[in-house]
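Under the heading signal peptide, TrEMBL lists 1-22. Residues or ranges marked as molybdate binding site by TrEMBL: S42, S70, V170, Y188.
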Amino acid sequence: MRTRPALALTAVLALAALTACGSGGEGDDAEESTLTVLAAASLTEAFTEIGERFEAEHDGVAVEFSFAASSDLAAQITEGAPADVFASADQKNMDKVVEAGAAEDPRPFALNQLVIAVPEGNPAGVAGLADLAGLDFAACAAEVPCGAAAQTAIDASGTALTPVTFEADVKSTLQKLTLGEVDAALVYRTDAIAAQDEVDAVEFPESAEAVNTYPITALADAAAPDLAAEFTEYVLGDDAWAVLETAGFQRP
């Protein structure tokens, strides 16, 4: 299994040939198939493990992931970038893909919500959103799901708060904290769990107002439609749920 960062459209197009033809050379016992999955950045750890499990159950299948902000991935898909499966961190960006005719039947597979990530030991004593006043904190940009959720939570708190930096995705937001550039970061619970050796997670009640639903779908122009459907069903199944639950996701 391979993972790669978000790619420019031209680079993604170059991948299409590899996706379509596999690697079966003369004399190979079986043709290899590549499944291309575009997934929200917050799914990086969970989907990497799920992909490894899927590969173990499907001989000759390589799962290739591109993890990025859901808004960026949706734009790639609607502009024609080849992929087999899309997993979004919100319904809004999935709806864009459906409206463009690139998918038909997305299904929810997980929920996620925000926490306040702070340095290990919580030196500033952050107990809730109000404690971010006067601190430098990071959040995702408003156009990406984690940023929209952050703004919804802040609005629900009735506290005037402005992040000192808006990042392209949740991983970049958390990195601002782990690099010591900010005092706190509004990130998904799952990302704080993935970085639990470096950060502590502070739950806050307003996050309940901004729970994100994660949908998944096989794409209409999938080069491997049967494999895309199998992977989608696998993510919706119990084996994948065990991974997602451990990562901190909730059932939809």
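Backbone N, Cα and C define each Cβ position, glycine as well.
Where the annotation comes from TrEMBL, it is an automatic prediction and has not been curated.
Quantities reported herein were computed from a predicted structural model and do not represent experimental measurements.
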Excluding S42, S70, V170, Y188, please set out which residues of the same chain place their CB within 8 Å of the center of the CB atoms of the molybdate site, keeping sequence order.
A40, A41, L43, A69, A89, N112, C140, V144, P145, C146, D169, K171, V187, T190, D191, N212
According to DSSP, does V170 (molybdate binding site) fall in a helix, a strand, or coil?
helix
List the residues of the same chain that sit at least 6 positions away from Y188 (molybdate binding site) in sequence and have their Cβ under 8 Å from its Cβ, in sequence order, or write 'none'.
S42, N112, Q113, L114, V115, C146, V170, N212, G248
